[in-house]
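**Student:** I'd like to ask some things about the structure below.
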């Protein structure tokens, strides 16, 4: 065989080219084989290149399996714990009822036995008196009868007329009333395993806000989750996240609303024009088409809407708010302790990169932050900050040796800095298992030194020792999206459930003491509550983000007062976030949309503001008072935290 017939893809001899292959093109067999060799080699190399993709996918799937197994084990633990707690509660109630029965029975028996004893005594007295009289009458002389009459007549008359307790002084009723049908129904429906079949590579986004929007104009994007076959999912509760990265590297804030039908709405406002990047993720993976290129333009015809709960919040700084010296009229309950001037500036220092700096950038390395959220300060001089996109919590410290500990979040670790911002240490691991952090948003320090972290995406609160070792988690199955966390005067944990629009109070052991609040705009309701603080009277202060107000409750959750309204004036808010209380009971509030910090007295009357104009804030979040009396604030949009002087 010396030739190759291309149409027939076979080797042929010269004789064949004169017969059935006479009309076919033939080439030398050696040349054809060489061409096939080269082509096969190219196909081989192309096919081999798929192996790294497959290996990577297998590693990801293995990690998913491990996470799934870990999550299953965690849920099993929660289920056992929940029903063990219920069983304990039932046993306690059983004991109480049995004790109550015993006490009630004893009291009734005591009354009846006392009555019985009285009747027995009367019976004996009558028998004795009658017996003596009968004997005297039967065998006595006239003189003895006269003597008997003197001795017994009065006693017999007394016994004959005595009022004995002949009617029962108690009743025999002892009933047990219990309504079990409702309880059985509740127990029958108690708990649910929440999941979804949504996958990122099939999930899609739509809406005018996907590619363009107008400066300062609230815009939305609809995210439709789909399963592996491309079919729309019908249930909610999937982990959907969104970020808008501005040209200077900062992150614009927004809100994701779960429609509970497999679709989600991302609401956002961008404060300046330019080209932005919109990142939409499902379970930490980009959905179809993400990241998107977003063009933001100005329009003289469109102004930001202030109507509707979903469109009330402006982006931080969008109103170019000026901090004015004018104070609003005093409340009739306000104190005489007024600050006539703004608190004198100013920033003592900052840790992290600020957009105003030439070194402007966000980051996940030592001393860098992505989206700072919660802030806390301990009595021994430590400052802790939670960065919700860096997945790590950072205790920063201003203590006796002048150290500062700060915690970062999408990578999840604790960073420790000296007071001049020099990095010392960090700890933490990202994930969805107990001891890991997925999206830490709130942080507090317990009097015993434990670090309390509210984890929004994991839907629980994690407790770490002061050196960062995991101890326990609480609230699993009871929380939908914890945002802020604080500690009251009794050592109980105040947890602000942003997603459920409620506040829960737990013991450190995890026992739920009380819960209050619901979604709405009433005095006892919330619309996206963020953070909490506790004053010296153990009253709980909550920032109500979308209701543009601050609300105060007693330790039992009863409403006391509220202050604030939507606006840019002194005493008004455009979505309040962080809150703290000073030693005099004054309330310090971070005003996210207006990018400022305001100070109020304990009754809610505006006092002053902290001058931050030198290096402006951009969407401040958590806020706290340090042990040496300074104000520390998470400057989320600028990827740093700042410490200011505060004159009390």
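Every residue, even glycine, has its Cβ placed from backbone N, Cα and C.
TrEMBL does not curate its annotations; it predicts them automatically.
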**Student:** When TrEMBL marks a stretch as region 'Disordered', which of 201-233, 234-266, 267-299, 300-332 is it?
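**Tutor:** Of 201-233, 234-266, 267-299, 300-332, TrEMBL gives region 'Disordered' for 300-332.
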**Student:** Mind checking which residues reach the repeat 'NHL' (468-509)? Cβ under 8 Å, same chain, six or more beyond either end.
**Tutor:** 74, 78, 82, 191, 258, 373-374, 395, 414, 427-428, 434-435, 441-448, 450-456, 459-462, 515-520, 525-534, 536, 538, 540, 542-543, 545, 553, 555, 557, 622
**Student:** Summarise the repeat 'NHL' (424-467) by DSSP state, stating how many residues are helix, strand and coil.
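**Tutor:** Secondary-structure composition of the repeat 'NHL' (424-467): 0 helix, 20 strand, 24 coil.
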